């Protein structure tokens, strides 16, 4: 609700004419900074309320803005306004909670199906924890310990192929502690020799679980990684960059 008030405050102070926009369906002029700012703020407000769907009656919304800005007698007293705002907040919270649960269930179902199919592929190894990995190239170097720092190149994606992070795309490998990343990464790194390239499929409970890392990684998301283990650094080495999505 504070965001709504802040947006309206800026819009109404900068452009009083916005209140009559409903009557003037002409294309706005965007010549001055004030006009551009006003349009930007107005579009933000419009998108926000559109996202609320059927909860908002736009025509009545405009009347409310007009009365409030003009200082006219309001059709509702302050107690009624506060009460309906609280009810709206409760409804919105309940709707968002329901949508989150639906998202969790959808991702859980899709993730389990993906894991089931992936483990059937040739060369895929499934560990006791449920981690799935497959060597693309098996190196001949040392295998990292939990206390080691490692240098890697990686690309991470969702099961639909959407890439959410990639040191390869940035053109710079990263260094981090084996025990400083998500459980699936930590386990995998202690199974592969330096010089290896592997494909990882990490179950949600070995990644970000029911929390996710919104908006890029939704709750209960199975993650897919391409990883190249470039080397082991000394245990005391400082990280060169942030560990992948941790």
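Going from the start of the chain as shown, residues are counted 1 onward.
Placed from the backbone N, Cα and C atoms, the Cβ positions cover glycine too.
Taken from TrEMBL, the feature signal peptide applies to 1-21. Taken from TrEMBL, the feature domain 'PPIase FKBP-type' applies to 147-233.
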Problem set entry | Local confidence of the domain 'PPIase FKBP-type' (147-233) - pLDDT mean | 97
For this session: Count up the helix, strand and coil residues in the domain 'PPIase FKBP-type' (147-233) according to DSSP, in that order.
Result: 17 helix, 37 strand, 33 coil
